[in-house]
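Asks: Take a look at this one; I'll ask things after.
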Amino acid sequence: MRHLIDPLDFTLEETTKVLDLADRIAENPEVYSHVADGKKIATLFYEPSTRTRLSFESAMLSLGGKALGFAGAEQSSATKGETVADTARVVSCYADIIAMRHPKEGAPLRASMYATVPVINAGDGGHNHPTQTLIDLMTIRQRKGHLDHLTVGFCGDLKFGRTVHSLVNSLVRHPGNEFYFISPEELKIPDYVVEETLKPNQSFYKEVTSLEETLPKLDVLYMTRVQKERFFNEEDYVRLKDTYILNQEKLNLAQPDMPVLHPLPRVDEIATDVDQDPRAAYFDQVQNGKYIRMALIMALLEVPDPLTGRTVL
Amino acid sequence: MRHLIDPLDFTLEETTKVLDLADRIAENPEVYSHVADGKKIATLFYEPSTRTRLSFESAMLSLGGKALGFAGAEQSSATKGETVADTARVVSCYADIIAMRHPKEGAPLRASMYATVPVINAGDGGHNHPTQTLIDLMTIRQRKGHLDHLTVGFCGDLKFGRTVHSLVNSLVRHPGNEFYFISPEELKIPDYVVEETLKPNQSFYKEVTSLEETLPKLDVLYMTRVQKERFFNEEDYVRLKDTYILNQEKLNLAQPDMPVLHPLPRVDEIATDVDQDPRAAYFDQVQNGKYIRMALIMALLEVPDPLTGRTVL
Amino acid sequence: MRHLIDPLDFTLEETTKVLDLADRIAENPEVYSHVADGKKIATLFYEPSTRTRLSFESAMLSLGGKALGFAGAEQSSATKGETVADTARVVSCYADIIAMRHPKEGAPLRASMYATVPVINAGDGGHNHPTQTLIDLMTIRQRKGHLDHLTVGFCGDLKFGRTVHSLVNSLVRHPGNEFYFISPEELKIPDYVVEETLKPNQSFYKEVTSLEETLPKLDVLYMTRVQKERFFNEEDYVRLKDTYILNQEKLNLAQPDMPVLHPLPRVDEIATDVDQDPRAAYFDQVQNGKYIRMALIMALLEVPDPLTGRTVL
């Protein structure tokens, strides 16, 4: 039995197979509409996340299955002191697969050690969010045709943005990718990403502060939220905020086929005038999120793909 | 693609067609039990409302479809600052139709401008609640056989009662209806209903304070909750409260076929001894609520009616 | 129409039939996977309980049906002052069966008086929790082969533990059962259980304080949580707590086939080293919980058992 806790739990080959299946689902959703008939997903969300929870539930429903679960810790047995290990064992009796979101790092890993059904990490604290990484990869591949030899810019809060760290971890597995990290000093990419990921892979990377100067060089731009509470003082926030907002004017500096990604929700770091630009790929990411989760549920439940007759992992 | 945001979004003819379909569903529910197989409704409830949310979900399930969603703002991405526009776009990737309840007037309208699937307003602040209006019309027509030439009394909180305003707006589209507005001075029908709806339609209406004196004149009685917090002081509330409570004794003054409607939940404005009276129509409204929402989902999803072979709008 | 409010609502013969059906479901779940197609359960949980709510929903989904409901009072119409009677009538229009959890004793009984569909009590305050009792019976019978002539030990909080009282009530209906009540003075079995259940049935029982001394005598051990807040002072809690914790060392004193039951969630009253012991039956209880609820839904909805062609009650 396989789980998905860390984006790197899948080998490069396995990841490619999941992305391929997600592409096939995107093209022929009706072929897959009954492959998980009678199966149940439990969405155990110890902190709210509409987008992610609904995406998992919609994915299972779109495969013919059903969903049950809870949407916040106050609805869970955690309030009665139950451990994640016990909850995992209990819910394994109710569902065929579990998607767990938890504010504490490592909780889904612990759940996977006790569950008797596959567990998907739907985000644990500032740590991992592997389905988001798969979505990002699918969307980049869809837009650019490949995942290697790309110049990728990451902009905004690169310190706390777990989706950034996970995506870098995955992109270094492909040859020739180069990275620009665009952020204020306060929010720059952590040392451990540099030391543990970029240097060992001999990846080219550069830390810069200007979005406008970097934009023309990029094949892909990955935006993130800059949260006010990350700054030491109001002044710094106000001074820096606009620098890391993407609007149509700045986007005019970019290549005509440079997709703009964002894990959403956004607040104001991408102006709404960008939404109509064909380079805006963040709503594609939402749609792809459903397909990735459908592919993942099929992979972990070992449901054969009707188009190939084979299971994916 | 059509939405339902305001009860008047549907022409009189369209409204009649939806009511007709709801009647057919009520008579032959099993005929419709698979017409929406594989379809999904998202119930986005930014404030709790068991009745309305469960009614929408039950409606979709009764058509063969599935439901997902959230039951309170604290479960939504709104807490992370996401706009209703973005949420609408995102949820359009997960569901085939959206039912939205929101404390802010206009939120469902805004959602409908960005969603790529039909949006139903399930209540926005003190503004609109169009499915309730359709339910009220269906129930009156069921009981009286027609929607014209009726003397309709509205009793209680006519100032803040959005279901009252919407029903008046719909009833003036039928000829010969007359209105009695029975309320304390503090809670009388707002001027804009008089100026914008009643006068332009040359509808007969009368504002009165006594329920008992008015009851014998009515073909239909529509009760509403009188909430303590609407009054300036406790004294006024205590003095007036009982006047606007319907009990069996007062009901004896009414015509033998005068249906009593109430949008529910009720607190004590209708005594429970009235529940057994055949004129009590408020639990019929609940049952009709499911049929109306089934009809509406079919109409907006353009599902053909198996009995006529045609879509309803 | 039948409801299940009190474990004793079912005669001994009816209870046995439900347990028999649950056993058949456990052996052939796929035979039952479509018997409730198109049916809907409403889970009305006025206080959170993941385990119980998800178990009911999973049970209905596993029979082919669907689920809707709410997971906490703040999501219900109770916040608007609606009575349980009105909610029961309303939800009867949306679902074919209701499972209700309520902090107030008697609320599910009251709901059953107004609902037009079967109501299952999913726990009302410190009062009843009849599905738990059926689960306990099923698990004991599974492990011991019979429900009579057993020496059953109950350990921990016997004062407030409603599942203990209910199980005693059921076990005295079988001949020859003997009871050991193992608890600190503060938490001993209430007088009314002794006076109303044990004495009238002339059941042998003994109140003791030592788990270790009693263990060798037992055929079955039923553990419960000892909650800190039940004690008058911290000192007593600390002094007594460990006495009523079961660990592998103490378990070595017990018979080799003595099942250990616990209604869960546990906090630390059963050490996790016990989990691997074959006598640990508490995760079996969870699995049985789903089967019992499947059997119960079939029984109350009068769905014929495909294996016997007959309804169960």
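Positions of Cβ are set from backbone N, Cα and C atoms, glycine also.
Because the structure is a prediction, the values reported are computed rather than measured.
TrEMBL lists these features:
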- C:2-142: domain 'Aspartate/ornithine carbamoyltransferase carbamoyl-P binding' (DOMAIN)
- C:ARG51, C:THR52, C:ARG101, C:HIS129, C:GLN132, C:LEU264, C:PRO265: carbamoyl phosphate binding site (BINDING)
- C:LYS80, C:ARG162, C:ARG225: L-aspartate binding site (BINDING)
- C:150-299: domain 'Aspartate/ornithine carbamoyltransferase Asp/Orn-binding' (DOMAIN)
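Would you situate these features in the structure and describe their surroundings?
Replies: Each residue in the domain 'Aspartate/ornithine carbamoyltransferase carbamoyl-P binding' (C:2-142) gets a DSSP state, and the totals come to 72 helix, 25 strand, 44 coil.
Counting every protein chain shown, the number of other Cβ atoms lying within 10 Å of the Cβ of C:LEU264 (carbamoyl phosphate binding site) is 22.
Sequence-distant neighbours of C:ARG162 (L-aspartate binding site): residues of the same chain at least 6 apart with a C-beta under 8 Å from its C-beta are C:GLY123, C:GLY126, C:HIS127, C:ASN128, C:HIS129.
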Asks: What's the most sparsely packed of the binding-site residues C:ARG51, C:LYS80, C:ARG101, C:HIS129, C:ARG225, counting other C-beta atoms within 10 A?
Replies: C:LYS80
Asks: Taking the domain 'Aspartate/ornithine carbamoyltransferase carbamoyl-P binding' (C:2-142) alone, what is its mean pLDDT?
Replies: 94
Asks: Here's one to test understanding: among the binding-site residues C:ARG51, C:THR52, C:ARG101, C:LEU264, C:PRO265, whose C-alpha is closest in space to the C-alpha of C:LYS80 (L-aspartate binding site)?
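Replies: Result: the closest of the binding-site residues to C:LYS80 (L-aspartate binding site) is C:ARG101.
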Asks: When C-beta separations to chain A are restricted to under 8 angstroms, which of the binding-site residues C:ARG51, C:LYS80, C:ARG101, C:LEU264, C:PRO265 qualify?
Replies: C:ARG51, C:LEU264, C:PRO265
Asks: Provide the three-state DSSP residue tally for the domain 'Aspartate/ornithine carbamoyltransferase Asp/Orn-binding' (C:150-299): helix first, then strand, then coil.
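Replies: Going by DSSP assignments, the domain 'Aspartate/ornithine carbamoyltransferase Asp/Orn-binding' (C:150-299) contains 67 helix, 24 strand, 59 coil.
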Asks: I'd like to know which of the binding-site residues C:THR52, C:ARG101, C:GLN132, C:LEU264, C:PRO265 sit within 10 A of C:ARG225 (L-aspartate binding site) at the Cα level.
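Replies: Candidates kept after distance check: C:LEU264, C:PRO265.
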Asks: Could you state, as a whole number of Å, the largest distance between Cα atoms of any two of C:LYS80, C:ARG162, C:ARG225, the listed L-aspartate binders?
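Replies: The widest Cα-Cα gap among those binding residues is 34 Å.
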Asks: Note the Cβ centroid of C:ARG51, C:THR52, C:ARG101, C:HIS129, C:GLN132, C:LEU264, C:PRO265, the recorded carbamoyl phosphate site, then list each other residue of that chain whose Cβ lies within 8 Å of it, in sequence.
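Replies: For the carbamoyl phosphate site the neighbour list reads C:SER49, C:SER55, C:ALA122, C:GLY123, C:PRO263.
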Asks: Among all protein chains shown, how many Cβ atoms are found within 10 Å of the Cβ of C:THR52 (carbamoyl phosphate binding site), not counting that one?
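Replies: C:THR52 (carbamoyl phosphate binding site): 22 neighbouring Cβ atoms within 10 Å.
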